[in-house]
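S.K.: Quick paste of what TrEMBL says about this protein:
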type	residues	note
TRANSMEM	12-39	transmembrane segment
TRANSMEM	71-93	transmembrane segment
TRANSMEM	100-119	transmembrane segment
TRANSMEM	125-147	transmembrane segment
TRANSMEM	159-180	transmembrane segment
TRANSMEM	186-208	transmembrane segment
TRANSMEM	269-292	transmembrane segment
TRANSMEM	312-335	transmembrane segment
TRANSMEM	356-381	transmembrane segment
TRANSMEM	387-409	transmembrane segment
TRANSMEM	421-443	transmembrane segment
TRANSMEM	449-470	transmembrane segment
Amino acid sequence: MVLFGKNLSVQRCLTFVTGLVECLCFAGAVFGWASLVFVLKSENYFSSLCVNTTESNGTQVLDCSHQDEQFSLVFTTASFMNNFMTLLSGFLFDHFGTMVTRFCMLPLWELISLLFVFASALSNLLFPALSFLAVGGIMFLITNMQVGNLFGSRRSTIITLYNGAFDSSSALLLVIKLLYESGISLRASFLFLSACGVIHLLRTFFLLPKKFIPYPLPDDYTYGITCGKSQTRNIENIAEKSSTEDGLEETPLNRSVPQTQVKSFRQCFLSWFFLWHMVWLSVMQLRHYFFIGTLNPMLQHLTKGDPSLVSRYTNAFAITQLCGVLCAPWNGLIMDRHKGKPRAAGESEREADLRASVLSLFLTALQCVFFSVCATTAYLPLQYLTFILQVINRSFLYGGNAAFISVAFPSCHFGKLYGMVLALSAVFALLQYPCFALVKGALNGDPLYVNIALTLVSLLAFIHPLYVYLHCRKLSSQRGASGSY
């Protein structure tokens, strides 16, 4: 905890650590789908869709392409719900606060185990089961990102760290796969996850605020189940202090301060910043979703159906996901690198934050191109490098998404804009299913041309950092022109 200073209270340290564990162990489990598919196939989910076919040489083979297509549809639905329902979570969070949001979403988490129990008899229950796993997980992330406000100048680093933990939590389904291979049933694993809801409930009461964690943080700020009076006093102190300061819209994730001269939600939503940020997120997210959703059939194709090789590479992919929590903070450090340094004359904090974000946005887009090129290459050993690039890029993508929204737009709209950009990108991500159907149908299981097309589409992500760079240069020129008079 030296990174954050020596004077932090035990409660704040516990809030940070338990929030990290919550994101690391639960939030993004749905993206470990490739590990779960291996188990579900062993449990004969959608096995009725497999049919015997006769090859040209007269050999009888089992064709499970329709089973793979159904599994892809399950993941497409869940990934769509993961992003689209973030919009509802964002509105709940902005209007009602932390406790109400978590109370609305925790029941979904508890339903997961029951659905998986009954899904063994009715495979179509996988659709709501995986969707609830996704929606419940994103709630953990949204309500935990505000913890960055407790750590001042390391705010972006904490946000990206939590998003990295969100990425790494996909390894949860690897653990379930390994437990299954050791003799522990899928049902028992999900019943245990449901029992962990008690921990989430206790943390909601004792280690999170009823409403929001403000920024800047007052010296006597307290939160938790016994701190309602103190919290109200702190908010009033912030409002009084803020009335004499400029740049209210530049303080990220600060919803507790009444703000003046702040852009409306509609103005933010219709801005070029939001448009190009949505394109930046959407094209790269589609590339990742298609890769994750088709990983199992891709490995089947490259290994010629060898189950031991498929299992080995599936495990390797899931293990690399653990590294997301290690990669993401580097993106936060890139965005926070200017903190504590003197700004140029007349430069606002918001402008400095935007200027620092350009490198992060550019590197994320560049990583995606490298990852996509490797994923396009049909060479099995190269997929180890693909897995590494995928987890690095994904941790930069989601951490950078949240951090950019927190610095580019008024904090009072953070939840709504964060939910809106993920919801709109989810609509774009629905293209993964027709892409998969194209591969299985007209392309006879060879994803080469679809992968090339997605690589070219991912180049659109470079427009966003270029636009932000030109915007910052324009502001700098305006300052220079006004300073010359």
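Just so it is clear, glycine is given a Cβ too, placed from its N, Cα and C backbone atoms.
Let's see these features in context: how buried, what's close, how far.
M.R.: Same-chain residues lying 6+ beyond the ends of the transmembrane segment (12-39) with a Cβ under 8 Å from its Cβ atoms: 1, 4, 71, 75, 78-79, 82, 109, 130, 133-134, 136-138, 140-141, 144, 147, 150-151, 158, 161-163, 165-174, 176-177, 180, 186, 193, 196, 200, 203, 207-208, 292-293, 295-296, 310-311, 314-315, 317-318, 321, 325.
Counting same-chain residues at least six beyond the ends of the transmembrane segment (100-119), those with a Cβ under 8 angstroms from any Cβ of the stretch are 26, 45, 89, 92-93, 125-126, 128-129, 132-133, 135-136, 139, 142-143, 186-187, 190-191, 193-194, 197, 200-201, 204, 208.
Residues 19-20, 23-33, 35-36, 38-39, 42, 137, 141, 144-145, 147-148, 186, 189-190, 314-315, 318-319, 321-329, 331-332, 335, 391, 394-395, 398-403, 406 of the same chain lie 6+ residues outside the transmembrane segment (159-180) yet bring a C-beta within less than 8 angstroms of a C-beta in it.
Counting same-chain residues at least six beyond the ends of the transmembrane segment (269-292), those with a Cβ under 8 angstroms from any Cβ of the stretch are 31, 33-34, 75-76, 79, 83, 263, 361, 364-365, 368, 371-372, 375, 390, 393-394, 397, 401, 404-405, 408-409, 417, 420-422, 424-425, 428-429, 431-432, 435-436, 450, 454-455, 457-458, 460-461, 463-465, 467-468, 471.
Through the fold, the transmembrane segment (312-335) approaches residues 20, 24, 31-32, 34-35, 38, 154, 156-161, 163-168, 170-171, 173-174, 177-178, 295-296, 299, 303, 353, 356-357, 359-360, 363-364, 380, 383-384, 387-388, 390-392, 394-396, 398-400, 403, 407 of its own chain, all at least 6 residues removed from its boundaries and within a Cβ separation under 8 Å.
Same-chain residues lying 6 or more positions outside the transmembrane segment (356-381) and placing a CB less than 8 Å from one of its CB atoms are 280, 284, 287, 291, 302-303, 309, 313, 331, 334-338, 389-390, 392-393, 396-397, 400, 403-404, 407-408, 448, 451-452, 454-455, 458-459, 461-462, 464-465, 468-469, 472.
Listed by sequence, the residues of this chain that lie at least six past the ends of the transmembrane segment (387-409) yet keep a Cβ under 8 A from its Cβ atoms are 145, 155-156, 159-164, 166-168, 249-250, 252-253, 263, 268, 273-274, 277, 281, 284-285, 288, 291, 316-317, 320-321, 323-325, 327-328, 331-332, 335, 350, 353-354, 357, 360-361, 363-364, 367-368, 370-371, 374-375, 417-418, 421-422.
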S.K.: May I ask for the residues of the chain that lie six or more residues beyond the transmembrane segment (125-147) and have a Cβ under 8 Å from a Cβ within it?
M.R.: 15-16, 19, 22-23, 26-30, 33, 40, 45, 74-75, 77-79, 81-83, 85-86, 89-90, 93, 98, 101-102, 104-106, 108-109, 111-112, 115-116, 118-119, 158-159, 162-163, 166, 169, 200, 208, 212-213, 253, 402, 415, 418-419, 422
